[in-house]
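Written out below as structure tokens is the structure these notes cover.
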Amino acid sequence: MAKFTPANLPAEFLDTMRDIMPSSLSMDDFIAACQRPLRRSIRVNTLKISVEAFLRLVQPYGWQLEPIPWCQEGFWLLNAEEENTRLGNTLEHLSGLFYIQEASSMLPVSALFHRNEALETVLDVAAAPGSKTTQIAARLDNKGAIVANEYSASRVKVLHANISRCGVSNTAMTHFDGRVFGAALPEYFDAILLDAPCSGEGVVRKDPAAMSHWSPESITEIAATQRDLILSAFHALKPGGVMIYSTCTLNKQENQQVCHWLQAQFPDACEFESLRDLFTDAERATTEDGFLHVFPQIYDSEGFFVARLRKTASVPPLPRPGYKVGKFPFSPVAPKDCVPLIQAARKQGIHWDETLLQLWQRDSEIWLFPAALASAFGNIKFSRIGIKLAERFPKGFRWQHEAVVALADPNANNAYALTDDIACEWFQGKDCYPEPLPTADELILTYQNTPVGLAKRINSRIKNSLPRDLVRDGASSAQQLAKE
């Protein structure tokens, strides 16, 4: 593993931190925390495996796991060390059983569902690489719908890959500047997560170069963008809805001041809700307004800021956008065609709740769209909605990998459980020669009781059909990694 090089903290930045740091905290402790490597942390993906089953699974691996107090699915991995750079290639990760996610970044979603908030439609304004989107999907248990937006074109592909790997079925993706949503979908969402682009002062333990372009002038520019984003998000939020505003930075200009600015625009419609009781010991990071201002030395984590805001009344709408969305390219599958399609899918071991996911088509493509988003179709351009289920051919259907990962029954008659060695070959893109041979010709392949793909048996060979962009030459089991 590469040697950790502490960040060079500018004197002006340290002066700013000294001015805003609570008297209960020490600057010496702050500097010491910033110059320590960040603890590796993971989140169990409960769409694939329960926390209890995951802990039983990894118990033989010798992982030293410490629970993260604000996320019951989250754990610090205390003895990561050399395997830090290889956790992403473990079978357990490639199968979607866990997500490598910094502990502080689990806070916003925990705050979103604080007091067991019941949510139907959620917007994740800046979603890539997908840690929070997949965390929201798990908390929703794939019910309702999420719009996962990402402005950066280079990060959209990564976002989709993580959504697919984790078996998320209730998400639609958009590729916009987040400032469009308030006008395009006014007062539409039950909840919004705005993890805003920021100066990144809190991430120096993970990325020492994060401070290389730090300046007061850049913070002023970023804060102006953040005000635009939070204003648009507030307009897109239903009356009674909740918004989480978060950053991975520490200065007040990008944090408290942005929230107070929004409240000043809508004094009769915007309330702050305290996060003091979000988890045991949360009061150590709680401000007078009930925000969480997490300096890195408090919980030995990244620096972070989280605010929870409630929209208490409707607000005057923004002007409608001038652009044209264009004709929606999909149409619902006719009821008479749904029955044989559903029967064919079930025969293959693929099941879904027809009240949550609805069949749509485009040419020969069959898709499953979240029913909760139907009213948004045609009002905004989506880059991808739900799950591509199949392609229709004269002799039947070609079922898609992402549908199998999200919807297949690991206990179906045609399911075949892979050993560690065979699973490694599968994720390395190789054909497999298992013993004993499976009896079915079309197989749902599983690993640790979760579906990882669909394959054909040809004589004694399982033909590898894993999409090429998912192939990992270094795929290995976590147990094998622990032995090395």
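The backbone N, Cα and C atoms fix where each Cβ goes, and this holds for glycine too.
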Looking at Swiss-Prot, ALA126, ALA127, ALA128, PRO129, GLY130, SER131, LYS132, GLU150, ASP177 are annotated for S-adenosyl-L-methionine. Which of ASP141, ASP190, ASP195 sits in that same site?
ASP195
Site extent for S-adenosyl-L-methionine (largest Cα pair distance over ALA126, ALA127, ALA128, PRO129, GLY130, SER131, LYS132, GLU150, ASP177, ASP195, Å):
20
Roughly how many Å separate the Cα of ALA128 (S-adenosyl-L-methionine binding site) from that of CYS248 (active site, nucleophile), to the nearest whole number?
14
Set of same-chain residues at least 6 away whose C-beta sits under 8 angstroms from ASP177 (S-adenosyl-L-methionine binding site):
TYR151
Taking just the CA atoms, what is the gap between ALA126 (S-adenosyl-L-methionine binding site) and CYS248 (active site, nucleophile) in Å?
13
